[in-house]
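Asks: Below: one structure in structure tokens.
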Amino acid sequence: MFLIWTFIVAVLAIQTKSVVAQSCRTPNGLNGNCVSVYECQALLAILNNQRRTQQDEKFLRDSQCGTKNSVPAVCCPCNAADGQQGNCVNINSCPYVLQLLKNPNEANLNYVRGSVCQGSEQQSICCVTAPQSTAVTTTPRPKRVHACQSEMTATPPNPEGKCCGRDIAVGDKIVGGAPASIDSYPWLVVIEYVRLERTMLLCGGALISGKYVLTAGHCVKGAILDVGTPKTVRLGEYNTTNPGRDCVSVSAGGTDCTDPLVKIGIEKTIPHPDYQPYHFLRKHDIGLIRLQSIAPFTDFIRPICLPSTDYTVNPPSKFALTVAGWGRYLQFDNGTVRSSKIKLHVTLPFVQRDVCEANQKPLRNGQRITLWKGQMCAGGEAGKDSCKGDSGGPLMYEHSKKYEAVGIVSFGPEKCGQIDIPGVYTNVYEYLPWIQNTIEP
């Protein structure tokens, strides 16, 4: 028993927190956590189902447990690593997990790590009464021979080809800050920062070739470096708290799982030479990250296209843009990082630069913010903005069934999702010559 307990501590030590979520009971009798509705995949799927029944609506009402930062909170059941719902209990009360820890191989440990939940006790696990095999049963995917792997070089793929900007997401995507499909936006990356052996996820970016990630200047230069040094990037990520394969239930039945997470070391970071990190206008807020090795091309990892034109000059009618990510950004005033554990996305309206300027709040000295053509704006709708994406992540436009990285998340109002106060993004098209001249073979 002592040996098992040693493994429990080793497996869960990195996951425990000094403050745990409020425990609750779901309408169907499962132990759960009271969390923002945006963080509960199971209930969001019901909420966004236009064909939900009266029984579904009653279940949603009965699941409410208060509010979190003015957002409705719900009693959310936990999910084990294989995607099954379970009870969030102390690990010693879960016979199946204790049995796995008697044989602590990599598969069993990944299952346990992926099943950690925030219960009323620190060492809590999502325990299922009839678990699936730890060899996760997945919804079969068509076998693909990726011809595009040969184009995963340092140079961004030709946007006229088929090797950038395409995802293979199954099913309808949900907008409004809700979970994205497990295989959508496969170019999204999470940047790992390290300080004193502590790893932090502070910024995002977009893979634009086999060797380069596009991100914000403030993610690779300035105050953020006092917090940590960018060391590695995560590719093919979905749930940042799960070190193993991420799995979700699919409507057709079964479970859809990602490939194993890929981490690649950072060879060097390259902020734009004219970026001034402490200037309030955040001009030239763009940077590149060169990776130590070539990224693979898979269903879950592939580059986004660079913009084919400056869409801010003659915007298309009903010009809708998308941001996606884990909502990660560092709040320098108090040093906290706000984030979601799963990939989110939201659709935002384009806002003309002059309208955006007029709606930005003046600085403390009364000075108005003046934007230039290297910046663009989107958002300004209640509860919907780039807080659902990542600092440094891409602002995307879907054109001819391909996504282009037209912007980079730069800055916005202190409080996310305020009406008539759009977020400000770096206009990537303005920097195409710099990107092309900076990339090395």
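Glycine residues also receive a Cβ, built from the backbone N, Cα and C atoms like all the rest.
Dumping what Swiss-Prot says about this protein:
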type     : residues                       : note
SIGNAL   : 1-21                           : signal peptide
MOD_RES  : Gln22                          : pyrrolidone carboxylic acid
DOMAIN   : 23-76                          : domain 'Clip 1'
DISULFID : Cys24-Cys75                    : disulfide bond
DISULFID : Cys34-Cys65                    : disulfide bond
DISULFID : Cys40-Cys76                    : disulfide bond
DOMAIN   : 77-127                         : domain 'Clip 2'
DISULFID : Cys78-Cys126                   : disulfide bond
DISULFID : Cys88-Cys117                   : disulfide bond
DISULFID : Cys94-Cys127                   : disulfide bond
DOMAIN   : 174-440                        : domain 'Peptidase S1'
DISULFID : Cys203-Cys219                  : disulfide bond
ACT_SITE : His218                         : active site, charge relay system
BINDING  : Glu237, Asn239, Asn242, Asp246 : Ca(2+) binding site
CARBOHYD : Asn239                         : N-linked glycosylation site
ACT_SITE : Asp285                         : active site, charge relay system
CARBOHYD : Asn334                         : N-linked glycosylation site
DISULFID : Cys356-Cys377                  : disulfide bond
DISULFID : Cys387-Cys416                  : disulfide bond
ACT_SITE : Ser391                         : active site, charge relay system
Asks: Measure the Cβ-based neighbour count of Cys356 (disulfide bond), defined as the other Cβ atoms within 10 Å of its Cβ.
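Replies: So the number of other Cβ atoms within 10 Å of Cys356 (disulfide bond) is 24.
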Asks: Given the disulfide-bonded residues Cys34, Cys65, Cys126, Cys219, and counting only Cβ atoms in the protein chains shown, which has the most within 10 Å of its Cβ?
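Replies: Most Cβ neighbours within 10 Å: Cys219.
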Asks: Out of Glu237, Asn239, Asp285, Ser391, which of these recorded positions is nearest Cys117 (disulfide bond) by C-alpha distance?
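Replies: That would be Asn239, nearest by Cα distance.
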Asks: Looking at the recorded positions His218, Asn239, Asn242, Asp285, Ser391, which has the shortest Cα distance to Cys94 (disulfide bond)?
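Replies: Its closest listed neighbour, by Cα, is Asn242.
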Asks: Name them in sequence order: residues not among Glu237, Asn239, Asn242, Asp246 whose Cβ is within 8 Å of the mean position of the Cβ atoms defining the Ca(2+) site.
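Replies: Neighbours found: Gly114, Tyr238, Thr240, Thr241, Gly244, Arg245, Thr258, Leu261, Lys341, Ile342.
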Asks: Check the Cα distances from His218 (active site, charge relay system) to each of the recorded positions Cys24, Cys34, Cys75, Glu237, Asn242 and keep only the ones within 10 Å.
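Replies: Taking Cys24, Cys34, Cys75, Glu237, Asn242 one by one, none has a Cα falling within 10 Å of His218 (active site, charge relay system).
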Asks: Counting distance between Cα atoms, which of the recorded positions Cys75, Asp285, Cys356 is nearest Ser391 (active site, charge relay system)?
Replies: Asp285
Asks: For each of Gln22, Asn239, Asn242, Ser391, count the other CB atoms within 10 A of its CB; which of these recorded positions has the top count?
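Replies: Counting every other Cβ within 10 Å of each candidate, the maximum falls on Ser391.
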Asks: Count the residues of the domain 'Clip 2' (77-127) that DSSP assigns to helix (H, G, I), to strand (E, B) and to coil, and report the three numbers in that order.
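Replies: DSSP composition of the domain 'Clip 2' (77-127): 19 helix, 15 strand, 17 coil.
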Asks: Cα distance, Asn242 (Ca(2+) binding site) to the residue listed as 'pyrrolidone carboxylic acid', nearest Å?
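Replies: The residue listed as 'pyrrolidone carboxylic acid' and Asn242 (Ca(2+) binding site) have their Cα atoms 21 Å apart.
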